[in-house]
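A.B. asks: Below is one structure. I have some questions about it.
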Amino acid sequence: MALRRSMGRPGLRPLLLAGLASLLLPGSAAAGLKLMGAPVKMTVSQGQPVKLNCSVEGMDDPDIHWMKDGAVVQNASQVSISISEQNWIGLLSLKSAERSDAGLYWCQVKDGEETKISQSVWLTVEGVPFFTVEPKDLAVPPNVPFQLSCEAVGPPEPVTIFWWRGPTKVGGPASSPSVLNVTGVTQRTEFSCEAHNIKGLATSRPAIIRLQAPPAAPFNITVTTISSSNASVAWVPGADGLALLHSCTVQVAHAPGEWEALAVVVPVPPFTCLLRNLAPATNYSLRVRCANALGPSPYGDWVPFQTKGLAPARAPQNFHAIRTDSGLILEWEEVIPEDPGEGPLGPYKLSWVQENGTQDELMVEGTTANLTDWDPQKDLVLRVCASNAIGDGPWSQPLVVSSHDHAGRQGPPHSRTSWVPVVLGVLTALITAAALALILLRKRRKETRFGQAFDSVMARGEPAVHFRAARSFNRERPERIEATLDSLGISDELKEKLEDVLIPEQQFTLGRMLGKGEFGSVREAQLKQEDGSFVKVAVKMLKADIIASSDIEEFLREAACMKEFDHPHVAKLVGVSLRSRAKGRLPIPMVILPFMKHGDLHAFLLASRIGENPFNLPLQTLVRFMVDIACGMEYLSSRNFIHRDLAARNCMLAEDMTVCVADFGLSRKIYSGDYYRQGCASKLPVKWLALESLADNLYTVHSDVWAFGVTMWEIMTRGQTPYAGIENAEIYNYLISGNRLKQPPECMEEVYDLMYQCWSADPKQRPSFTCLRMELENILGHLSVLSTSQDPLYINIERAGQPAENGSPELPCGEQSSSEAGDGSGMGAIGGIPSDCRYIFSPGGLAESPGQLEQQPESPLNENQRLLLLQQGLLPHSSC
């Protein structure tokens, strides 16, 4: 007897199926396909198992498919059993039935081009009632009747509904669906319904009934724009009392509490109002209240404001001049304000022009002026106007003083002596004529260019070209919010921590993008130092469309936290800066960190394994990475700091191959793929979390130790994803069952033992970071230094057409890899030796052995050679 088993598609979460076991009948059925067992209808209880069987006769190794409601059953266990050579039985097992499993089932098999179908069976799943309509939350006025609805279905039927008001039964029994009529409530009340059938009962969600009330008083009332007759007002509405606000009233008075106040009613939203026809230069006060269906709110506080005044409305009268031996005395009548809003007068403004082009403007206190700086041999034209703090009034009629007159006369300049206006008129005419000629010339050019193309269209009397109005743009530079910590809306405590590390935006220049994610990005930048030199840094910033103050505060708290750290294996803060933005938008906060040339540790490990030019990382290097991280975490734990997000992606690799613990919060925004949202909570890196963190949201230094164990596993696997093939939602059940990450290939037993200790279910049984550091340093000390002859970083390529000694791929002479053509700063590089067409592969174009370095003592070690010597322990390496 042969047995063939097939399950649902891997990777899909299996449904909980249910059913009633049917009997296997003796295999004496007629040739063909049939459903075994007698029932055409099956009824099972929710949660019970069921097995459906069908028989196939006269076929060798048939491919039996089970169908439900016309679709292939994929998420259930299916077994094919061979009774004899051409007699097979197909078995469908449903372990625990749910309502969704009810339906019409049959099996089918292909016989050449023909599909044979068995008889079908209808599966009914019975259980406690299922709610299709539950009572909803409501906000109602006091003592106003309302209704609540409830509906539940079987099978089995019938379903009976009972209503509850808090702990008291208030209605039922009634058939489903049911409506409860409530005469009204006077306080917050909860209602729920119960559904009963012969299988049991189910209770609906509670419906919370809240009382509506008049709204609260508005606040933040602000007069935003003021002119001489208008004022714009804006405010923030108070709590709406669970009812829609329909209008607000703005009350305006000359003094707070004045009886004769102007009231303006405006529909809302928006919560703004334009007050018109106000008196100029007048003190006012205003207040606002809003209303909903239950009534108005109290008024907000009185807000005083003053309208602007008016410029003088009249020109000075009786403007005349008297010649004297010492000069020219000018006199005019005082301007009396016609409107109280004009305010106090300032000095008068006197303007004069002579025929020779000389002109000037004087400010005169009083109504008399003595003009001495003028040429009596030339005609003189004068004007005067009144002014105040608001502006200038209208000019008087021109006063012409002729070179032949002994006194000036007010009126139009004389034609014989006033040639200046004539010149101005001629110039105006010339400019106008030139403009018209230019317009005609451009029009003619367009007609010449497009005339032939549009002749047929114009002949029909149709418009040749249709234009649409373009957008208009404001060429003025938009207003910018000053980039200060006060403009971000963060707490005073956080501002105090960041004030001494705030760096002006002008002090650095942003460069290329290093990485970005759902909420933020990292960019390279050049920071100008006090001595004028520049240093390369990394700048983390939120996205431009992130404007919530909570996101900004969380982002900057990471910087405030890093400010306190001082350890070679913990990322240290360089500073914080703010990037100004136009259109009144909040500045973008930026956290400035040291630039780590090799990026994050996870990306480096991944490149060593599956990059364009993979390279080997010796075991000493991998253990050294672990020692560095343990040193950094030992320092953090000694300062009572809990990281909560330790992973290879959150460790940075410096130029000298030392590892720094970093990313105290922002990393989950950059690497959002490793995070999972549980319910309404924030996204969590569940595959790095300890059991107590997953179960109780509890984070301690012991949970950081668990994450360190997962990070060690990442390092030993060169960046593989932990728990591959297991969904985030299934991690807790996987771990609570006693499962842990498997020992990676080529991982030392001592290293894996340390990992496994980190994953103890009892947090107190996990080792401390001090213990981990000491054990790892002990392991590192016992590892032998790899000789360069055994170092798999090097692959010698023979001449073109000849196989390499180690069986590696061949490259012809002169051929370059893509990395050689670059600047040599990538993960892999190739250095050519023209004499024997021999290539050396390494993480960065390294020399083949230290001996080759000695042959060229005058050449300094390049970056890649230094990396190899660091990995082999031939250069000093920073330690704890």
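Indices start at 1 and increase along the chain as displayed.
Each residue, glycine too, has its Cβ placed from N, Cα and C.
Swiss-Prot lists these features:
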| type | residues | note |
| --- | --- | --- |
| COMPBIAS | 852-864 | compositional bias 'Polar residues' |
| DISULFID | Cys54-Cys107 | disulfide bond |
| DISULFID | Cys150-Cys193 | disulfide bond |
| DOMAIN | 31-118 | domain 'Ig-like C2-type 1' |
| DOMAIN | 129-210 | domain 'Ig-like C2-type 2' |
| DOMAIN | 217-310 | domain 'Fibronectin type-III 1' |
| DOMAIN | 315-406 | domain 'Fibronectin type-III 2' |
| DOMAIN | 508-785 | domain 'Protein kinase' |
| MOD_RES | Ser456 | phosphoserine |
| MOD_RES | Ser808 | phosphoserine |
| MOD_RES | Ser859 | phosphoserine |
| REGION | 804-827 | region 'Disordered' |
| REGION | 842-864 | region 'Disordered' |
| SIGNAL | 1-30 | signal peptide |
| TOPO_DOM | 31-419 | topological domain 'Extracellular' |
| TOPO_DOM | 441-880 | topological domain 'Cytoplasmic' |
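Any idea what these are sitting next to in the structure?
C.D. replies: Taking the Cβ of Cys54 (disulfide bond) as centre and 10 Å as the limit, one finds 25 other Cβ atoms among all the protein chains shown.
The secondary structure of Cys150 (disulfide bond), as reduced to three states from DSSP, is extended strand.
Broken down with DSSP, the domain 'Ig-like C2-type 2' (129-210) shows 0 helix, 51 strand, 31 coil.
Under DSSP, the residues of the domain 'Fibronectin type-III 1' (217-310) split into helix, strand and coil as follows: 0 helix, 47 strand, 47 coil.
Mean model confidence of the domain 'Protein kinase' (508-785) amounts to 85 (pLDDT, 0 to 100 scale).
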A.B. asks: Provide, as an integer number of angstrom, the distance between the C-alpha atoms of Cys193 (disulfide bond) and Cys107 (disulfide bond).
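C.D. replies: Here the two Cα atoms are 42 Å apart.
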A.B. asks: What is the interatomic distance between the Cα atoms of Cys107 (disulfide bond) and Cys150 (disulfide bond), given in whole Å?
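C.D. replies: The Cα atom of Cys107 (disulfide bond) is 39 Å away from the Cα atom of Cys150 (disulfide bond).
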A.B. asks: I need the CA-to-CA distance for Cys150 (disulfide bond) versus Cys54 (disulfide bond), whole Å please.
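C.D. replies: It is 42 Å, counting Cα to Cα.
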